[in-house]
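Single-structure report; data block below.
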Amino acid sequence: MTMERREPVEAVVARLLAAQGERRGALLPLLHDLQEELGFVGEETVAAVAHAMNLSRAEVHGVVSFYHDFRKAPAGRHVVKYCRAESCRSRGGVAIETALADRLRVAMGETRADGQVTLEPVYCLGLCAIGPNALVDGAPVARIDGAAAIERIAATVAA
Ligand code: FES
């Protein structure tokens, strides 16, 4: 969870860019650093990065849009990342995803209107043999195979 930010986004970009050292000028690591610090990479950040790196907004936006990891808006209080990769899919992952989204009352890739939970896709957590899997606030949850598992996730994000 990110704290309330007081430093202007341009200053954050400049500071993180300077901290890159030998990686200076590497767009992808900078965007990851920004998401880590700010919690998301919104339009204001895209504009600041483009300006600082002498790139067009479209170039920066293209990178942010291409990678699933980047959030374009702040996340909810809880973040559920549900695995959409092949092994979890083959274990009933599509039906479970639908049931999970219904139970959490949030669409995949969205944050619920009350800000309580964000549901995001992730593509393999390295736990393929015990899927379908998710990360709930960074903690792995395996064998999401029915209503009981979904209820445990719902209880976690209700807190
Ligand atoms: S496919 Fe889901 S954890 Fe690997």
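Yeah, the Cβs are placed from backbone N, Cα and C, and that goes for glycine too.
Sequence annotations record features per position, and here TrEMBL assigns [2Fe-2S] cluster binding site to Cys83, Cys88, Cys124, Cys128.
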Exercise for review: By Cβ count within 10 Å, point out the most packed of the binding-site residues listed: Cys83, Cys124.
Suggested key: Cys83
Study note, to complete from the structure: Same-chain, non-site residues whose Cβ lies within 8 A of the Cys83, Cys88, Cys124, Cys128 Cβ center for [2Fe-2S] cluster are Arg84, Ala85, Glu86, Ser87, Arg89, Gly93, Tyr123, Leu125, Gly126, Leu127, Gly131, Pro132, Asn133
Exercise for review: Using Cβ-Cβ distances, find the residues under 8 Å from Cys128 ([2Fe-2S] cluster binding site) that belong to the same chain and are at least 6 apart in sequence, listing them in sequence order.
Suggested key: Ala85, Ser87, Cys88
Practice item. For Cys88 ([2Fe-2S] cluster binding site), list the number of other Cβ atoms lying within 10 Å of its Cβ atom. Key: 27
Review point. Per DSSP, to which secondary structure element type does Cys124 ([2Fe-2S] cluster binding site) belong, with helix, strand and coil as the options?
Key: coil
Review point. What does DSSP say about Cys83 ([2Fe-2S] cluster binding site): helix, strand or coil?
Key: strand
